[in-house]
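Grabbed the feature section from Swiss-Prot, which reads as follows:
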| type | residues | note |
| --- | --- | --- |
| DISULFID | CYS33-CYS95 | disulfide bond |
| DOMAIN | 73-249 | domain 'FAD-binding PCMH-type' |
| CARBOHYD | ASN41 | N-linked glycosylation site |
| CARBOHYD | ASN364 | N-linked glycosylation site |
| CARBOHYD | ASN503 | N-linked glycosylation site |
| CARBOHYD | ASN508 | N-linked glycosylation site |
| MOD_RES | HIS110 | pros-8alpha-FAD histidine |
| SIGNAL | 1-18 | signal peptide |
Amino acid sequence: MFPLIILISFSLTSLSATATSGAGGGVANLYTCLIDHNVHNFSIYPTKNDQSSSNYFNLLDFSLQNLRFAASYMPKPTVIILPNSKEELVSTILCCRQASYEIRVRCGGHSYEGTSYVSFDGSPFVIVDLMKLDEVSVDLDSETAWAQGGATIGQIYYAIAKVSDVHAFSAGSGPTVGSGGHISGGGFGLLSRKFGLAADNVVDALLIDADGRLLDRKAMGEDVFWAIRGGGGGNWGIIYAWKIRLLKVPKIVTTCMIYRPGSKQYVAQLLQKWQIVTPNLVDDFTLGVLLRPADLPADMKYGNSTPIEIFPQFNALYLGPKTEVLSISNEEFPELGVKNDECKEMTWIESALFFSELADINGNSSNDISRLKERYMDGKGFFKGKTDYVKKPVSMDGMLTFLVELEKNPKGYLVFDPYGGAMDKIDDQAIAFPHRKGNLFAIQYLAQWNEEDDYKSDVYMEWIRGFYNTMTPFVSSSPRGAYINYLDMDLGVNMDDDYLLRNASSRNSSSSVDAVERARAWGEMYFLHNYDRLVKAKTQIDPLNVFRHEQSIPPMLGSTQEHKYSSE
């Protein structure tokens, strides 16, 4: 159990005062400050090609998951710092402020737009990498756990499974994803229809703010505690630890992988029925879809005589035995024709491995659950993602439009995540994540390619943007919803002169109002009616905008009328 320390005070008085004054001084100043305050685990950008160069780039690349941001021309951090304790984390924040370095916080490095390891505003910046702060402490008596902000989702799952086979946590399927960022943005996963998001199951947190204070839920206040659950990472401070609620699951669950390749017409018919059925299934049953263009030998028919144009993969998790899965699916969705050999019974932790990138296309993973602790992910690639929410059933013509656009790009994917269940029952203002009742499913558009295809990156980027525009009539509007954990810079970015409030003298209410209104363009897509409350929370916890990125929430230093809109 982590102690609930409200304020760390250990000879940092002078450092804190210097930091808030914006003293500056460059990398030498930062180096001296870190060493003086017992922070030794860091790597400085190399000025020559030697061992330090190798160490720096190995560290930079280790958790850099989107290779779009690994190119040599991309901005690089001056220093990469790996704090080993909360004391070192506090010192790191204050030293970075003293030396006037922008802070980018990295947990697992899965930011869709690289915001945890790249800064495009021209300021010198550092990466504060939390990988050394990855302890998970489980307390079965209270059915809670403390997970440090650098722990991955896989590490949390593994720690729970080591002490219980009937407890779980509701989060995503990527085991190498960092909990600090994932939970900050909401954290949707296969248990969300049953238990809500990861952030819905946070009962306390330890946040280190820009002044080096370590704040628990009571100390930060309910407005900030509300904001850090679903309001997006990189905004409020650095999450030192989450206290999460453990969730009861049966000893045996059932997983299914169901492949139904065929013509666009055939797949569209399945999807039309799927969108009606899945939001209304029992909460214990989640049935998602992964879609990609068919890239198969002509003689591979998969028992289907129709031409293979689209390759859909239906992924199911049911909190119960296989017999019930088959009964429910064949009663509610007979068109899918789920077969006995397409489903397997296993423990919940085995299902986490089954649906992870550690398994092959058929879900085979050797059942070695210790692999969930691995931080490094093989097979990294280049990718761009976008998201949508669907509130009304998509017509047959609409589904065909989806598939026609998908077929244009062999590097493209679609992911349909079903809503309903607990996602309908939890109030849309319970936490900062707002996409609740009224959503049938969420869409993730993905273009993913390898290095040998990177010369065509502009083609892939143009494709996904065109796809997104084509889908406008079929998805939510006023505003068009988006998921903050799938950041999309196409929606807009903060302007340098608006959001870089580097010190007190640069503040003025007019520019802050402009910044807040500019950010509303994408802020309301991510947060709907919760945007203004997030601005208030940001102003309360980080008025100088120390923790920021290209789509962070700006603080309000003046006053303005709350914006009104209607969500359709």
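Including glycine, each Cβ sits where the backbone N, Cα and C put it.
Can you tell me where each of these features sits in this structure?
Of all Cβ atoms in the shown protein chains, 27 besides its own fall within 10 Å of the Cβ of CYS95 (disulfide bond).
Listed in sequence order, the residues of the same chain lying 6 or more apart from ASN41 (N-linked glycosylation site) and placing their CB within less than 8 Å of its CB are ILE81, LEU82, PRO83, ASN84, GLU88, LYS132.
Its own atom aside, the Cβ of HIS110 (pros-8alpha-FAD histidine) has 23 Cβ atoms within 10 angstroms in the protein chains shown.
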At the Cα level, what's the spacing in Å between HIS110 (pros-8alpha-FAD histidine) and CYS33 (disulfide bond), rounded?
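Spelling it out, the Cα of HIS110 (pros-8alpha-FAD histidine) and the Cα of CYS33 (disulfide bond) are 30 Å apart.
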What number of additional C-beta atoms lies within 10 angstroms of the C-beta atom of CYS33 (disulfide bond)?
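For CYS33 (disulfide bond), the count of other Cβ atoms within 10 Å is 23.
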Pop the mean pLDDT for the domain 'FAD-binding PCMH-type' (73-249) in here, whole number is fine.
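That stretch averages a pLDDT of 98.
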